[in-house]
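Under the heading domain 'MTTase N-terminal', TrEMBL lists 2-119. Taken from TrEMBL, the feature [4Fe-4S] cluster 1 binding site covers Cys11, Cys48, Cys82. The domain 'Radical SAM core' annotation in TrEMBL covers 143-375. Annotation comment: TrEMBL describes Cys157, Cys161, Cys164 as [4Fe-4S] cluster 2 binding site. Per TrEMBL, domain 'TRAM' is recorded for 378-441.
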Amino acid sequence: MHTLYIKTYGCQMNEYDSTRMVELLAASHGLRVVDDPAAADLLLLNTCSIREKAEDKVYTQLGFWRPLKERNPDLIIGVGGCVASQEGMRLRRRAPFVDLVFGPQTLHRLPDMLDAALASRQPQVDVDFPFLEKFDHLPERPGQNGPSAFVTIMEGCDKFCTFCVVPHTRGREYSRPMPDIIREVRSLVGQGVREITLLGQNVNAYRGATGLIGEAGLAELLERLARIPGLLRLRYTTSHPNDLDDALIAAHGSIPTLAPHLHLPVQSGSDRILKRMHRKHQVASYLEKIDKLRAARPDIRFSSDFIVGFPGETDADFAATMDLIAAVRFDQSYSFKYSPRPGTPALKLKDAVPEAVKEERLAILQGRINALAQEYAQAMLGTRQEVLVTGPSRRDARELTGKTGCNRSVNFAGPAVLSGQMVLVEITETMPNSLRARWSGDLLPADAVEPRGFAHARA
Ligand code: SAH
Ligand code: SF4
Ligand code: F3S
């Protein structure tokens, strides 16, 4: 066993999990990542189950890998993530050549499962939910490649929205203790990471042990992380509106390193549909939080997730969603047609919306959001923006690419040594999915601004 190939579907939490699996298997078995599945001794598929055809996609991919296994019987194939969690043993029945099946909460057991499969030549299936154990069994983070990193701070979801598989595939909510998270972030910053995105499916429900006495929420954790010298930008995603408390709203006003962008999924602008979705928030309560956040951080922008065509959604319900979009003026959102998912209560709801109507509503909604995104981009022309440079641009290696605080991609000409630095640029042009800028020589190096802590500390 020397080489590993891994393919990842789904959300940022899955990306984080895949990174940790690679680090884990490098530490346990000395495995090295290769970018050609035919050159690998171990093939891993980290799966997502959020929308329709998720299972089909997994079985199709496994179908591509099957001939590799036929040619090389020593090849080990493993499937993890949310489809694995949902399917369990069923996955082996449909794809008997799979050796390892593990869930989002059992990936830390991969080295042992791999040893057992190698020794016994028997399949290993473990999609249990042993809470908190996962993070206690992952190695220290080794060398990072890039100035941005994800850190999962809480797992699972207790909300049980009627359309959603996540509580079923990732299990109940649990939060990592603050000292563990702070240690992980410090180690990443020590390796040159300048931006951290804290992850959870319901990240603002975070409540972790402080290390002293008791527990505290996300606002406290953000304040502690903001004190780490060299950490220039903090984000967190994804948030349920109900768990956005006043302390967290205040943190957006007091922590300058907290990016002026928040992804706050609303799903629908109709209270009747929100109720059927079991979202437990209303349009008015959502708008109230948006107002408070804007009061705390006037330059903040919002993005959201929307589902169109949820069972029972009428023209009037959809119009209410469009009204909400007009009221909040979202920037760059994600929108989907409702798709029925196994084991979710919405399966039983009547009044399915015809596919053609879903298509039409999705196109209208996306058109509006795109127009808003272009308006925001136009308004940025001529402004100076802090950009974290991630590296050379993919299209033109002589150019650099990076992200603004509001999460826009920016390309500009500049020396390669700027990679991994925070710079100030002037926006000169808008493109359909990115911005162009001019760099005038201003740098915000980590050591020149440390610690960027709190507003009062800078005064
Ligand atoms: N925890 C987040 C979202 C997690 S899932 C929240 O509470 O909002 C990411 C997005 O996928 C959801 O916001 C929703 O818009 C979409 N989604 C989830 N289940 C879906 C389904 N059955 N059909 C269509 N979209 C779905
Ligand atoms: Fe799914 Fe709702 Fe939990 Fe988000 S809050 S992960 S949509 S159940
Ligand atoms: Fe998908 Fe699971 Fe993430 S269903 S969106 S991989 S939590």
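Yeah, the Cβs are placed from backbone N, Cα and C, and that goes for glycine too.
Unlike curated entries, TrEMBL annotations are predicted automatically.
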Counting distance between Cα atoms, which of the binding-site residues Cys157, Cys161, Cys164 is nearest Cys48 ([4Fe-4S] cluster 1 binding site)?
Cys164
Let me check the 10 A CB neighbour count of Cys11 ([4Fe-4S] cluster 1 binding site). How many other CB atoms are there?
18
The number of other Cβ atoms within 10 Å of the Cβ of Cys161 ([4Fe-4S] cluster 2 binding site), counted over all protein chains shown, is 21
Under the DSSP assignment, what numbers of helix, strand and coil residues are found in the domain 'MTTase N-terminal' (2-119)?
65 helix, 22 strand, 31 coil
At a 10 Å cut-off from the C-beta of Cys157 ([4Fe-4S] cluster 2 binding site), count the other C-beta atoms across all protein chains.
22
Out of Cys48, Cys82, Cys164, which of the binding-site residues has the smallest number of neighbouring Cβ atoms within 10 Å?
Cys48
The average per-residue pLDDT within the domain 'MTTase N-terminal' (2-119) comes out at 96
Excluding Cys157, Cys161, Cys164, which residues of the same chain place their Cβ within 8 Å of the centroid of the Cβ atoms of the recorded [4Fe-4S] cluster 2 site?
Lys159, Phe160, Phe163, Val165, Val166, Pro167, Gln201, Asn202
Name the secondary structure element type, per DSSP in three states, that contains Cys161 ([4Fe-4S] cluster 2 binding site).
coil
